[in-house]
């Protein structure tokens with residue numbers, strides 16, 4: 001019974017407290033809402049949003065201006081535009097929007113639609129596309145002192161002069177110029193909130209990095225008007241991140257340039273030197289077409305990568321011309337060209353030593369011919385036969401001499417015809433001391449004379465072919481030496497061209 005009475009007392013007291021507190025809270029909230037309603041009526045009852053918020057016409061509205069960048073969306077090199085997502089921080093004082101917080105339930109600030117109050121007509125002067133002014137009219141923050149704080153977001157496309165000299169290792173200087181479009185400095189003046197762009201809320205770009213972003217205050221007199229107009233100009237120094245272009249453009253271009261060097265190491269006999277040159281030239285043409293789609297169409301400067309591609313295309317074109325010349329030299333013969341002495345001395349003697357080229361000696365000069373050699377008189381052909389075979393053949397010859405017809409008018413020297421298991425063999429006979437009567441009695445048959453003439457013809461033909469082959473080999477070696485000269489020359493030029501590609505942006509501090 002006691003517990004029930006205590007519980008009843010507790011719930012009774014709780015109910016009484018609720019009856020006392022809830023109306024008080026509701027009354028306070030209602031009075032606060034009522035205070036804001038009264039404040040709105042007080043402020044905007046006779047408010048004119050088209051008049052400047054100054055007590056006197058000669059007074060100047062001071063607008064404090066600042067810029068906060070949220071994102072660097074894009075830099076269009078071809079159309080020379082920079083697209084940014086920014087917040088325009090603006091602050092000014094409107095004397096018609098002041099109140100005493102004590103009279104309005106201690107309300108110190110209000111959020112009011114920006115369409116209801118006077119706002120400065122600050123626009124982007126160097127706008128390239130889209131709206132010059134802010135399109136999304138957010139609410140303004142109004143304080144009891146009359147201070148209005150307005151931070152509308154905007155996406156601007158500002159014109160930017162793109163310098164592609166060191167593309168893709170380039171650094172661009174873009175600007176955004178803000179100012180009042182209709183009010184001159186006597187009506188509205190600007191002050192900078194900060195000397196730099198606010199990067200606290202900046203979202204990093206995957207292609208560009210903001211190196212520096214500062215603002216300056218300027219006053220300028222334009223040709224259209226006699227008044228002076230103030231502006232705040234923000235200068236952005238942005239640097240391209242070159243990894244994408246290095247992997248997809250520069251490295252393939254360098255590799256293709258190296259293929260040009262291999263053209264001079266490719267043997268002329270393979271018949272693919274011209275094909276390789278043309279393939280490299282077509283590949284470079286494709287890369288040049290890709291670059292023309294990226295960089296702006298300007299005749300002021302040529303981008304560094306464009307210069308390198310143009311240099312490589314000239315490089316490849318020269319390699320085609322040189323390859324045609326080398327192939328022409330390679331296929332020369334004694335019947336078409338005579339080798340000048342200076343070519344023989346320079347390209348067969350001195351230059352190969354400078355290039356560390358060692359030409360192997362031909363087998364004839366190393367070991368001599370194992371099967372065939374000429375007699376000192378160049379009239380007889382002697383084979384390398386065994387002494388036993390010669391003696392047997394001489395005995396057979398003596399037996400057959402009885403059946404040989406005798407003719408007159410033979411030469412002074414004698415000749416032996418040897419028949420062995422290897423076929424017909426001729427050898428030079430040692431001159432013997434014979435009397436005139438014996439010399440006049442040595443006769444040969446017409447068949448043997450014809451055979452000897454055929455052997456002489458074959459020997460002369462072989463000597464001529466050996467001489468022609470030697471000259472052809474000399475021309476081929478000259479072509480090889482010319483190839484080696486341009487191989488080293490093109491390696492040096494390719495190396496210097498690559499250094500020339502990376503050195504200027506490196507010295508400029510862009511790499």
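Placement of Cβ uses the backbone N, Cα and C atoms for every residue, glycine included.
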Can you check whether Swiss-Prot puts residue 40 on the same side of the membrane as residue 350?
no
Correct range for transmembrane segment (source Swiss-Prot, candidates 217-241, 242-266, 342-366):
242-266
Which of these ranges is annotated transmembrane segment in Swiss-Prot: 176-197, 308-329, 374-395?
308-329
In Å, rounded, how far does the Cα of residue 212 (N-linked glycosylation site) sit from the Cα of residue 106 (N-linked glycosylation site)?
44
Glycosylation sites listed as 56, 106, 212, least Cβ neighbours within 10 Å:
56
Report, as numbers and ranges, which residues of the same chain sit near the transmembrane segment (308-329): CB under 8 Å and 6 or more residues beyond its ends.
253, 256-257, 260, 263-264, 268, 273-274, 277-278, 280-281, 284-285, 287-288, 291, 302, 475, 478-479, 482-483, 486, 490, 493-494, 497, 500-501
Cα of residue 56 (N-linked glycosylation site) to Cα of residue 106 (N-linked glycosylation site): how many Å, rounded?
30
Looking only at the topological domain 'Extracellular' (28-241), report the model's average pLDDT.
90
